[in-house]
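Report on the structure given below.
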Amino acid sequence: MSKQNNFRRYNPLIDEWVIVAVNRINRPWQGAKTEKSTTISTSSNTEQSILNPLAPGGTRSSGIANENYVSTYVFDNDFPSFTEFEECAGKDENDDLFKQHEVKGVCKVICYHPNSQLTLATMDVKEVRVVIDIWNQQYLELGPKYEWVQIFENRGAVVGCSNMHPHGQLWASNYLPTLPMKKHESQKKHFEKHGKVMLMDYLEQETLKKERIIMRNEHWTWLVPYWAFWPYETMLLPNRHVERFTDLGEVEKQSLSEILRSLLIKYDNVFECSFPYMMGWSGAPTGSFLTENCSFWQLHLSFFPPLLRSATVPKFLAGYEVFAEKQRDLSPEIAAKTLSEIDEEHYSKKLQ
C-alpha cells in the first residue's frame, strides 16, 4: 500500500485548520449510503399544486395558499427561526457562564421557479438573472434594518432540505452571527497587517498559481479554496473589490447569472445527479455597519457539497472532526482538476 503525506491547511477567513488526509479516500467503504438526489417529477401544474406545497397554488402546512406565481416567488417562512416580534424566554443574561439575549429578524423562502422539475442548473440564464435580482432587492429592503442578511440554499435531502422544489432561503437578524463575525474580524486584521483586502489578496495569488482555479469570466472567478473542508467545496469571487451584493453592477449581475448556471451544471455532472450542496452569500454586514468602514470585506459565494465518492456516498462528520479538528479525504487540487475538466452541457440533455 502506497503512503501519501498528510498535512494541515489554515483557513484565514475563519481562523481554523483542516487536515488533508488524501490516503483515506482509498479506504474500503461499507458505511451508510443515501439515495441519489433527483428533482420532483410531476406531469402538470395541477399535480404540482396538490403534491407540492411550494408549487404555484399549492397549500402549505400553515393552511396558506401560494399565489399562482409565474416567476421567482418570495414569502415569509411559516416556521421561522426569527420573527420581528420575538419574545425572549426570560430576561437577558450577561454572566460569564450564562449569556442570553433577545433575537429578532425575518425568515423568507425564495422559490426560484414555478416548475418543480427545474433547478438553478437547468433554468435558463434569463431565469437565473431574475433570482439574482430578487436577492438584490431583498438585500436592499432588509439591509438597513438588520445587521446580517443571509441568503442561502440547502439543496438535496442529504443536507436537510425538506422540499425538493427549487428554492432558497433568506434569514435576516438583528445581530451579527458567529461565522460572519469571525470573517469580519479576520478580514479586518488582515487589512490592518498587510494593507490589502484579504480575499482580493488571496484571489490575486490563486490566479498566479492557477491549480485551484476552475472557471473564470470577465467579472467572476470560481475556485476551490486552498483550505476547503467539504470534498467539492468551492468559492465564487468577484474579480474586483465588492463589499456587498448590492454593490454589484448590472453587467456583473448578468455575468453572475451566466457563471452561476455553468458551475451548477458542472456540479450536477460530477456524479450525474442533482448535486446536493449548501450555498451561501457572505458580504460586509449591514444595519449599523452601513455607517462603518467595512472596506476590508470582499463579497463571496460559498458552496459546501457533501458528496465524496459517488452520488450515494456523502462525507460524514465523524468523531475526530466533531471533537478535535476538521479533515478532508480529497485534496483541493484534485477536486479543482475534476471540476475543471467536467463538461458544461448538463448530463440530462445527453440522456434525451
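Note: Cβ is positioned from N, Cα and C throughout, glycine not excepted.
The annotation region 'Disordered' is assigned in Swiss-Prot to 33-57. Feature annotation from Swiss-Prot assigns compositional bias 'Low complexity' to 37-50. Among the features that Swiss-Prot reports, UDP-alpha-D-glucose binding site is placed at N77, D78, N154, Q169, K315, F316, L317, A318, Y320, E321, with the record citing similarity to another entry. Look at Swiss-Prot and you will find H165 tagged as Zn(2+) binding site. Per Swiss-Prot, active site, tele-UMP-histidine intermediate is recorded for H167, and the stated evidence type is sequence analysis.
Comparing C-alpha positions, the residue listed as 'Zn(2+) binding site' sits nearest to N154 among the binding-site residues N77, N154, K315, L317, Y320. Across N77, D78, N154, Q169, K315, F316, L317, A318, Y320, E321, which the record gives as binding UDP-alpha-D-glucose, the greatest C-alpha separation is 36 Å.
In sequence order, G160, C161, Q169, M278 are the residues near N154 (UDP-alpha-D-glucose binding site), counting only same-chain partners six or more apart with C-beta under 8 A.
Less than 8 angstroms from the CB of K315 (UDP-alpha-D-glucose binding site) sit W230, P231, P306, L307, L308, R328, D329, each of them six or more residues away in the same chain. Geometry remark: N77 (UDP-alpha-D-glucose binding site) versus the residue listed as 'active site, tele-UMP-histidine intermediate', CA distance 12 Å. DSSP classifies L317 (UDP-alpha-D-glucose binding site) as coil under the three-state reduction. According to its DSSP assignment, N154 (UDP-alpha-D-glucose binding site) is in a strand.
On a Cα basis, Y320 (UDP-alpha-D-glucose binding site) lies 33 Å away from H167 (active site, tele-UMP-histidine intermediate).
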